[in-house]
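J.: Take a look at the following structure, please.
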């Protein structure tokens, strides 16, 4: 006979504690009044409501819809919900922009499109948010709204150079030998000095450019540093001119020195080759390349390997890989077949003997499939060269924040006659950009311990803004 399950004593006590936290009341005083009101009759007593109720209820507070149609809320959970929704929409927008920019780069190539249009396109969402934040309402309303814009600018810059930068080092780590990270080799685990990533001299140049791009922040902050109120509006204009000049210079640099875009184009084409080979193998396997649990069907993969192995010696040579690539036909991306074969061989040939065994082939295909599915296993795998482009993207995004987004922000402040009073945010941007810019320009190999510095800069930045604004009253 089945027994009925009764709630445990701990569960009952837990429910009682929740109910006690939600419940609220007040004492009936001995002041002779016989009236008992159902509710709380004073603002002081209203604050005695349980935090649980205040989390779900906004009491008598009201909110005003931004621009007359954007949803608003005054509760904690409501704000968290809006943060999640807006964050997801921004993530989708960034994903579409990234995919679209890669497609445009493949079609139109580097140069004017890759050097001018795509960097501006990547920074356009942040610039538009900053612009919209200060266009609506009166000057007083715009003054309060632009704080959102400078917060967005500072938050984006700090996040890119701390959390995202550190994550690139952690995720792309490889074994460091002779001060250079060995691509696709990760045997030292999370060794703070024995594993990390390597970049190149061009990445150092990108870090220097990023550090120089903070110059307009210094210009606009000069009157407050000198404790002068008379030259603030002029300082905004001078900083705007400097920022626009740096923006034009940076775009021209990317147009006439398109090495960044060429490397990005090469990496994009390599991803296309990976996708094409995987689709070709899946088609040849009639959909049976993977088992139901997601693992590779080794029996089917071995048959595919033997099909590619024309001389039946148990190894795949460069000529056999070339025949595979030519057979797939990548005409739509103007593929350099020799370069594609060389990169595929590098991905698979872990023994570096210019031959691919079945074990190497199965491991390489498994890693490619993991990357295609975005699984955590692949994201944690070694690949320092793959993250070279990520560091360029980070430095380039911060540079565009410092010149394009700041130009929009300064133009808004100058045109509407707003007050520049963002010393704490500017100081945080200066500290993070200069520290990471110098750090990135002085070395090309970053051991795992460098990611700890980047990660720690994030809470330091938050704490610094809080202390400067609420303790020292900078804002």
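Each residue, glycine too, has its Cβ placed from N, Cα and C.
Pulled the feature table from TrEMBL, pasting it below:
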SIGNAL    1-25  signal peptide
TRANSMEM  76-96  transmembrane segment
TRANSMEM  103-124  transmembrane segment
TRANSMEM  144-168  transmembrane segment
TRANSMEM  202-222  transmembrane segment
TRANSMEM  234-256  transmembrane segment
DOMAIN    296-331  domain 'EF-hand'
DOMAIN    336-371  domain 'EF-hand'
TRANSMEM  394-414  transmembrane segment
TRANSMEM  426-442  transmembrane segment
TRANSMEM  449-468  transmembrane segment
J.: Give the mean pLDDT for the domain 'EF-hand' (296-331) on the 0 to 100 scale.
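T.: Mean per-residue confidence for the domain 'EF-hand' (296-331): 85 out of 100.
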J.: Could you pull out which residues elsewhere in the chain have a CB under 8 Å from any CB of the transmembrane segment (426-442), counting only those six or more residues past its ends?
T.: 153-154, 157-158, 161-162, 165, 199, 203-208, 210-214, 217-218, 220-221, 391, 395, 398, 402, 450, 453-454, 457, 461, 464-465, 468
J.: Do any residues, 6 or more residues outside the transmembrane segment (202-222), come within under 8 Å Cβ-to-Cβ of it, and if so which ones?
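T.: Distal contacts: 231, 235-236, 238-240, 242-243, 246, 250, 253, 259-260, 388, 391-392, 395-396, 398-399, 402-403, 406-407, 410, 420, 423, 426, 429-430, 433-434, 436-444.
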J.: Mind checking how the domain 'EF-hand' (336-371) divides into helix, strand and coil residues in DSSP?
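T.: Going through the domain 'EF-hand' (336-371) residue by residue, I get 26 helix, 1 strand, 9 coil.
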